[in-house]
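Remarks on the structure that follows.
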Amino acid sequence: MKLIVGLGNPGAKYDGTRHNVGFDVVDAVARRLNIEIKQSKANGLYGEGRIDGEKIFLLKPQTFMNRSGESVRPFLEYYNMEVEDLLVIYDDLDLPVGKIRLRQKGSAGGHNGMKSLIAHLGTSDFKRIRVGVDRPAPGETVVQHVLGRYRPEEKDAISEAIDLSAEAAEAFTKKPFLEVMNTFN
């Protein structure tokens, strides 16, 4: 079994914001794999499917970003899954819009959703895809930036990054992660 988690904030007012790019990627994976995300468990919306006989779960925590761990850990426990089976997708201010980075483990890097996951899982040793959303513009706060929408000139780049991240997430279900990293980094 594999669990692919996209981080974001619940509610229509956050749709399309930089902070919700994890949700956008999970939605793209769902379209690629023909999985409906409409079931509810562990404070999250999820869907399930199979790839080459292996069960795959897609999860969008509904706890708000800074409490994401409150959804992911119970979900893993319910299905008796290990942290090794987890891939987390989230926004990263330190990467330009359109860039993605895959890592086998790492720190929270100041990201509150990742801080929550690390605290609730008791480890930072889980796979992740960081999707670049760039730094705030001069005079713009981090909160304004991540809860804001993409500028028109960024839309093509973020769309490509979402598609590439979805492709990488699908590859995670089929191949060793080191191979996936070598392909997509």
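Backbone N, Cα and C define each Cβ position, glycine as well.
Binding site for tRNA per Swiss-Prot: Tyr14, Phe64, Asn66, plus Asn112 from the candidate set Asn112, Asn182, Asn185. With Asn66 (tRNA binding site) as the anchor, the candidate recorded positions are Asn9, His19, Asp91, and the one with the nearest CA is Asn9. Here the candidates are the recorded positions Asn9, Tyr14, His19, Phe64, Asn112. The one whose C-alpha lies nearest to that of Asp91 (site 'Stabilizes the basic form of H active site to accept a proton') is His19.
The secondary structure of Asp91 (site 'Stabilizes the basic form of H active site to accept a proton'), as reduced to three states from DSSP, is extended strand. Looking at the residues that bind tRNA per the record, Tyr14, Phe64, Asn66, Asn112, the two CA atoms farthest apart are separated by 16 Å.
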